[in-house]
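S.K.: What follows is a single structure, and I will ask about it in a moment.
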């Protein structure tokens, strides 16, 4: 199998294509990207027959910024007969996947696909039963086996394939299903909540998002991101000249500092988290984040980079490379991840975790 489907935000197909072409090429898995604007997906076609499977195995999915999900597929199945769509799909998957742990019948995240989504939901149950009978799926769901994907691009027209359990998005269509909390001050709260789900393994939440931690929110007004930290029982310094929501102030967990986020310097050395969603040029935000990390002012950070209208992949890559260079220069070992989240628009969200550093007073780094 030589094709990989990558799901992305509609309107960002070119960025997704540029990224996969660049990163696959660096691993000598050469190919070309098929792109149609505003379709919400890209197909990367490798020149060598088995390179699609190699790509989803060797390139860490966590290293991709613009892809929400990916899976390797065979040829496009077209003109599926309405009276029996199941038989051709089962035939395509037999011999390709054995004992898959889960079935996902998906579409791209576009308005045009909403009707198709209703069909996918109904179609999943009989298709799952047929795939189990054929040995393509196990008789019970298991997260340790490959996930079988059936991706409809139009009625009667789909790609079939699989993703690897250890190297994909665990979410259907790559989108965590989150509900907006009615007491949150703004919808931006969902960005940070999604980032926590995407970047931090659930079994590490109790340790890395623990009660009683200290956190800083730069550019906090009115408090959408502060809300997520307060909800996890942290003590939060919310830095912004604009006012914070009274509901957050009433918790007693928030200290509002009327300062410019770019000028603020913390006065304590046990800050676990710094978050930042300021509308500013990406280079300026990246430089500020580098300063916080190099000086050991926080252990982990999540921040947003607003994207320009053109060369968006290049802009993000340039800023992440600058951040990595600053950390390397100052002997800071850190893990950097970036993703355009479902709740992001013209922006990407970056997570950095300091693992250890040669900064005095921070011997607790691990």
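Yeah, the Cβs are placed from backbone N, Cα and C, and that goes for glycine too.
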S.K.: Taking Swiss-Prot at its word that 188, 221, 222, 223, 224, 260, 277 bind S-adenosyl-L-methionine, choose the one of 203, 206, 240, 250 listed for that site.
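M.R.: For S-adenosyl-L-methionine, Swiss-Prot names 188, 221, 222, 223, 224, 260, 277; of 203, 206, 240, 250, the listed one is 240.
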S.K.: What is the interatomic distance between the Cα atoms of residue 306 (active site, proton acceptor) and residue 222 (S-adenosyl-L-methionine binding site), given in whole Å?
M.R.: 19
S.K.: For residue 222 (S-adenosyl-L-methionine binding site), just count the other CB atoms lying within 10 A of its CB, please.
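M.R.: Total other Cβ atoms inside 10 Å, all chains included: 19.
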S.K.: Please state how far apart, in Å and to a whole number, the two most distant Cα atoms are among 188, 221, 222, 223, 224, 240, 260, 277, the recorded S-adenosyl-L-methionine-binding residues.
M.R.: 20
S.K.: Which is it, of 223, 224: the one of these binding-site residues whose Cβ has the most other Cβ atoms within 10 Å?
M.R.: 223
